[in-house]
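Asks: Following this message is one structure expressed as structure tokens.
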Amino acid sequence: MGCCQPCCRCCPGNKRDEEEEERWQPLMDRSCTDVIALVIFILFWVGMFFIAAYSIAGGNAYRLAYGTDSYGNVCGMQNVKNANINLKSAGLDMTGRPYVFFMDILNPKDALEICVSKCPDQDLNSIREIQEFAKNSSSSLCEYDVKQENMLTAGQSHLGPCPSTPVKASTSFLNRCVPKDAPEFLVKFMAILNSYDIFYKVLSDVFQARAEIAGMCVLAVVVALLMVALIRFVAGFVMWIFMGIVAVASIVGTALLWWTYASKNQEYYAVPENERLDENGKDVTAFLVYSIIATIATVVLLIVLFVMRKRVKLVVALFHEAGKVFMHTPLLVLQPLWTFIALALFFIYWIAVLVFLATAGEPTVDTSTGWVTYKDPEPVRYMWWYHVVGLLWTSEFFLACQQMVIAGAVTQVYFTRDKKQVSSPILKATGRLISYHLGSVAVGSFIIVLVKIPRLILTYIQAKLKDKENSCVQFTLKCCMCCLWCLENCLKYLNYNAYTVIAIEGTSFCTAARRAFLALVSNALRVVAINSVGDFVLFLGKLGVVAVVGAISLIIFRTDARLHYYAVPILVICVFAFFIAHCFLSVYEMVVDTLLLCFCEDCRINDGSPGREYYMDKSLLEFVENSSEALKNLDKKKKKETANTNANEHVELKETMNSSSKADYV
């Protein structure tokens, strides 16, 4: 009966698996995976380039940069008259008029816009003052066909030909005339900050301390690197202290609840029965319920901690092994930097195309106002969605490539028996990724996009329904978004482990995801230990970096007389320090997760027998069921290798002596 279990090697149905395991060679026998997905991803990017070409050919980024008037003229430029626009004020030379002026800044959407050579630098309270401003500055605030001598009788409104008074003193912001005292929609936000000039003081403090902030960011990088190097030595101590504190706190909390219940109960029954209050009786009952619940929770927690103790030891051992991996591949901590540079370049490209795409509309005349409006062609509406999907898919693709490189480098270190022979694991992992597994990365990243898109749609719907009073719909939307967020994070974790299996065995994404899922489920307690205790240790490491950098910043800034609020630059530095530490320690977390899956695959395939020795170090062998036998086989192998080496040396020495004896004889 035992030989017919699915996981047994002697079962006839598992002969194929047994043969695969017999010839299992990690990091070897590579072939291209998920080629169809890679072809689809390339074709998708062909579409992205088509959208970029269409946007650049049909768009006009100067419209956003310099602004346009209501007749389609770009301010500050020579304009060409469009055949579809039959307006006398269209296609004018606006070279000397670089600023957009709104007839009503508080309602710019419905107001006439014109190009002016100078924004009004003083309040204009009457049409005569507008005329005087035009004479003195040669900047007319009325329509182009209104002459200075006719301004007094031209008429005033937000539709022109002259602006309604008063006209507030303005300044140029992004080539638009904006009132110096800020328009109403900005005053609401700025009034609180400007009441005591807090906003400007904060900006001034950040600007004054810019050099120190940059220096502290560099220091945060150094401290984070030191934390990566040292965390493997303190991980075990922190984990056991943390578990001890949790256990003691649970026991003490439960004891205090029982003590409180006993005191309340004694006080309650010490009072004569006719003088007892119902509220006191309910209070005693409540503390009894709390004590029972706390007792059950404490017992369960202690049982879990007892069961998890060996798994926690494994986490400690994996942290030590992760430190050894960084000794072999120190440049692994810099992988987020290359990903950041790639993402930054892609975002610049994406935003540039977005700007051109936003201005790719065809100019038309609005019959109700007589002004020029821009209407997006039908294809552009679909291009917007295509461009957004491209942002999500490509961003996830770059992140997945980083994860694949990290997994590939770690697996090469793990599955190399002689660690002295490890050479350029990052370059080799990158080469394997580019040569064989870009298709698998495209599949994994697209799966994440399939979850992100519904989340974005629900977020858009929630924003549209924000002012509605239908609380049931709002609650349903939030629940759906929460479920999708949880699903997305689970898929990201599964994806990374799938990339690890691909790095080990070179299989397709779906096969790797299935094996990774089975490995995670069969080692659920180990996964829980790493994702709870291990993540807590890494979080403490991030806080440690913030604490060190923040303390040094406090010493530097507390006596700086230039600053109004020295807490502001310290806060900025702490935020940057946390994100820097997160970038470096997240790599450490990936390495630990990769080592766990390598350990599981090593245990699944190998059994420690001759010819099927484990790849893991001795520090991990104690967590294998047949560890004693495996250690004996490992010692036998080493003794045999030593004996062979000694025998070879003895033979060489004997041959040398014989040759020297013959030479002496001759």
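All residue numbers here begin at 1 and follow the chain in the order shown.
The backbone N, Cα and C atoms fix where each Cβ goes, glycine too.
Unlike curated records, TrEMBL annotations are generated automatically.
Annotations per TrEMBL:
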- 35-57: transmembrane segment (TRANSMEM)
- 209-230: transmembrane segment (TRANSMEM)
- 237-259: transmembrane segment (TRANSMEM)
- 287-308: transmembrane segment (TRANSMEM)
- 337-358: transmembrane segment (TRANSMEM)
- 384-415: transmembrane segment (TRANSMEM)
- 436-461: transmembrane segment (TRANSMEM)
- 536-557: transmembrane segment (TRANSMEM)
- 564-588: transmembrane segment (TRANSMEM)
- 635-666: region 'Disordered' (REGION)
- 656-666: compositional bias 'Polar residues' (COMPBIAS)
Asks: Do any residues, 6 or more residues outside the transmembrane segment (237-259), come within under 8 Å Cβ-to-Cβ of it, and if so which ones?
Replies: 287, 290-291, 294-295, 297-298, 301-302, 305, 312, 315-316, 533-534, 536-537, 540
Asks: What same-chain residues lie close to the transmembrane segment (384-415): Cβ under 8 Å, and 6 or more beyond its ends?
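Replies: Residues 26-27, 41, 44-45, 47-48, 51, 321, 324-325, 328-329, 332, 335-336, 338-339, 342-343, 346, 350, 353-354, 357, 422, 425-426, 428-430, 432-433, 437-438, 440-442, 444-446, 448-449, 452-453, 456, 495-496, 499-500, 502-504, 587, 590-591, 594-595, 598, 602, 615-616 contact the transmembrane segment (384-415) from elsewhere in the chain.
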Asks: Take the transmembrane segment (35-57) and find every residue of the same chain, 6 or more past its ends, with a Cβ under 8 Å from one of its Cβ atoms.
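Replies: Counting only partners 6 or more residues beyond its ends, the transmembrane segment (35-57) has Cβ contacts under 8 Å with 349, 353, 356-357, 360, 379, 383, 386-387, 390, 393-394, 397, 438-440, 442-443, 446, 509.
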Asks: Using Cβ atoms and a strict cutoff of less than 8 Å, what residues sit near the transmembrane segment (287-308) while being 6 or more residues removed from its termini?
Replies: 243, 246-247, 250-251, 253-254, 257-258, 260-261, 264-265, 525, 528-529
Asks: Give the nonlocal contacts of the transmembrane segment (337-358) in its own chain as ranges (CB under 8 Å, at least six residues past its ends).
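Replies: For the transmembrane segment (337-358), the nonlocal Cβ contacts are 51-52, 55-56, 58-61, 64, 380, 383-384, 387, 390-391, 394-395, 398-399, 401-402, 583.
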Asks: Which residues of the chain, 6 or more past the ends of the transmembrane segment (536-557), have a CB below 8 A from one of its CBs?
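Replies: Answer is 209, 212, 216, 219-220, 223-224, 227, 231, 235, 238-239, 242, 319, 563, 566, 569-570, 573-574, 577-578, 580-582, 585, 588-589.
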Asks: Using a Cβ cut-off of under 8 Å, list the residues of the same chain at least 6 residues beyond the transmembrane segment (564-588) that approach it.
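Replies: Long-range Cβ neighbours of the transmembrane segment (564-588): 201-202, 204-206, 209, 212-213, 216-217, 220-221, 223-225, 227-228, 231, 322, 326, 332-333, 335-337, 340, 406, 538, 541-542, 545-546, 549-550, 553-554, 557-558.
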